[in-house]
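Features as listed in TrEMBL:
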DISULFID  C141-C154  disulfide bond
DOMAIN    77-272  domain 'Polycystin'
DOMAIN    273-497  domain 'Polycystin cation channel PKD1/PKD2'
TRANSMEM  32-51  transmembrane segment
TRANSMEM  277-297  transmembrane segment
TRANSMEM  318-346  transmembrane segment
TRANSMEM  366-387  transmembrane segment
TRANSMEM  407-429  transmembrane segment
TRANSMEM  469-490  transmembrane segment
Amino acid sequence: MAEASRWHRGGTPKHNLHYSKEVEIRTTLQELALYFIFLINLCILTFGMVNPHMYYLNKVMSSLFLDTSVPGDERTNFKSIRSITDFWKFMEGPLLEGLYWDEWYTNKTLYDLKNTSRIYYENILLGVPRVRQLKVRNNTCKVYSSLQSLMNECYDRYTSKNEDLADFGLKVETEWKYATPDSTSPWHWGFVGVYRNGGFIFTLSKSKSETKNKFINLQLNSWITRGTRVIFIDFSLYNANVNLFCIIRLVAEFPATGGIITSWQFYSVKLLRYVSYYDYIIASCEITFCIFLIVFTTQEAQKVREFKSAYFKSVWNWLELLLLVLCFVTVSFNIYCNIQIFLLLGDLLKNTEKYSDFYFLAYWHTYYNNIIAVTIFFAWIKIFKFISFNKTMSQLSSTLSCCIKDIVGFAIMFFIIFFAYAQLGFLVFGSQVDDFSTFQNAIFTQFRIVLGDFNFAGIQQANRILGPIYFITFIFFVFFVLLNMFLAIINDTYSEVKADYSIGRRPDFELGKMIKKSYNNALEKLRLKKPEEGEDEKSAKSGDLVERARREGFDENEIQSAKQMKKWKERLEKKYYSAEIQDDYQPVTQREFQELFLYAVELEKELHYVSLKLNRVMRKISTLQP
C-alpha cells in the first residue's frame, strides 16, 4: 500500500513520494477494495474446508471408544485405565465391541462380511486395526549400589537410544519381532516421551472371535512387559454420508514410574476434496487465491525496489511479508497434501485385508488446516493497516508506539516477579498439584490465576502455610500493583497523545473522509445531491453581505476592517488547522508568533468594540423604559 501513514508517530517513515495526494488516495482506496475481495475469497476457502459434521463424528467416536465402560465394571473405561489388567479388559471389551458391527440391532445381517465392519452402521472400517508397542532395554539406567541387592533390573524412560530392538517372547509371529520404522512417518509426541514409528506390531482380524483369541493369547504370553513404554491402537473410518475420514489413535503410555497414562487423537478430515458442486466452487477460490498471491508479491517487490532499506522500517510492511510467507507455505502444504492423497489413497483403499495407514495423510492435512488458520488470522489483522487512517485508530497506534519503552521496562520488572513466583510454585506444589507439575504448567497456571481461574483448595492442601502466603502475595503484587501500573502507563500516554491531536496533530487524510467525499461526488454526478458552492458563489455571497452591511448603516472603515479580519482568520486557519499538514510537529517561528499576537490584539479590539456597542444599546433600552 502507498506510504500514506507516514504522519503516524510509530509508523512508516516519511518519504518524498513522486505522486500527488489525489493519486495516493485513489491508490489506497483501490488497494482496500482489492484486499476486501481477497479476504472474502480467503474466508470462503477456509470455511469451505471445515464441516460441522467433523465435530459430531469425533464426538460419536470418542463416546464409543473412550467413555464405554468395561462390562461388569462401570468405573473402568479407556480414560480411567491405570493398570495392565485394566488395559486387557478394555481390549477384550469396549474396543472389541466397538470395532465389530456386523449385524443390525434385530440380529439381521445387513451386508457381506468382506465389506468389513460398519461402526454405528454408517462408518466403514477401512482395512483392519493395528496395535503397536515400543519397548526399552533392560539396564538402560543405573541402580544405586546399596540397592543392587534388592533390584538388578532397570528400565529407563523411552528414547530412541534406549529402544529395545531385539525379538522377545514366542519370536514366531510379527508381534514378537521388531519392525523397522518408516522414515516418512511422523513421530508421536506423548505426555512422557516422543515416540517414533515401528516397534512390535500386530494387526487384528476381520473376525471378532479370532481377534478375541488373539488378545487372550497375547495376554497369556506376557506381550506387555516391564520394558513396554507405549502402545498405539490405530484404525481409520470413512463416512460416505458426509464424505469424511476419521483417523483414530488411542495411546497408552507406560511411564518408568509405573501405571498407565492414556491419551487419544481423533482426526476428521476431508481427503476426497472435489466431489460436490460446492467443492468445485472451493477449487475456484483456491485458484483465485493463487492469483491474488502473485499480485501481492509483485506489489511488495515493487515497493522494496522503490523504498529499499526504508521499506523494512514499517511494522505494516513486516506484516505484509509475514502474510505472504504464510500464504506460500499454505499453497505448498496444499500441493503436498494433494500429491500424497493422489499417490497413497488408492493403494490404501485397495488393501482391505491389511492396515491402512491414513494417519500420515491426516497428520499433514491437520497441519495444513493449522497453517491456513494462522494465515486468515493475520489477514484479518492487516485490516488495521487501512482503518489506522481513522483518527481514533491512529491515536491508538500512536499511544502504543509512544509508550513502547515504558512497556518494555515494565515487562522486565513484571516477568522477574512472575518467574520468581512460578519457580516458587513449581518447587513447593509441583509434586502434588497438577497445575504446577512442570515449570511450564506453573507459568500458564499463574496467567490463569490473573484471569480468575485458580484452584486455591489444591494449593492450600499441598502446603497449609506457604500455599495461602503464595496465593495472597501473588494476587497483591501481580494483580493489584503491576497490572494497575500497566494500565496507568497506557492511560497517561493516551491522554498525552489525545492532547497532541487536539492542537492539530492529525493524519494527512482519513479513510472515512475519503469514502464520504467519493460518495458525495457520486451523488452529485447522479444529480441526487446539490453540488457544493464554488469560489464564485462564495464571492457573490460575500458581496451581498457587504451591500447588506452598508444598508444597515456600517461605515466603510468597519466593513474593510471586518473583511481584513476575515481574510486573516481564513489564512491562519488554513495554515494551522488544515488537513494538509505534512509533519507531526511544526515549530512556530518568530514572524508567525508576531502575526498570531497581532491577530489576538485585533480580536481583543473587536471584542472591546462589540462590548461598547452592547453597553450603548443597553443604555438606550434603559432610557426607553417608563
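Every residue, even glycine, has its Cβ placed from backbone N, Cα and C.
TrEMBL does not curate its annotations; it predicts them automatically.
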Neighbourhood of C154 (disulfide bond) by C-beta distance under 8 A, where only residues 6 or more apart in the same chain count: N138, N139, T140, C141, K142, V143
Best-contacting stretch, by C-beta pairs under 8 Å, relative to the transmembrane segment (366-387) and drawn from 32-51, 277-297, 318-346, 407-429, 469-490: 318-346
Sequence-remote partners of the transmembrane segment (318-346) [C-beta within less than 8 Å, at least six residues beyond its ends]: 271-273, 286, 289-290, 293, 296-297, 300, 312, 360-361, 364-365, 367-368, 371-372, 374-375, 378-379, 381-382, 385
For C141 (disulfide bond), the number of other Cβ atoms found within 10 Å of its own Cβ: 13
Recorded stretch that, among 32-51, 407-429, 469-490, has the most CB pairs under 8 Å to the transmembrane segment (277-297): 32-51
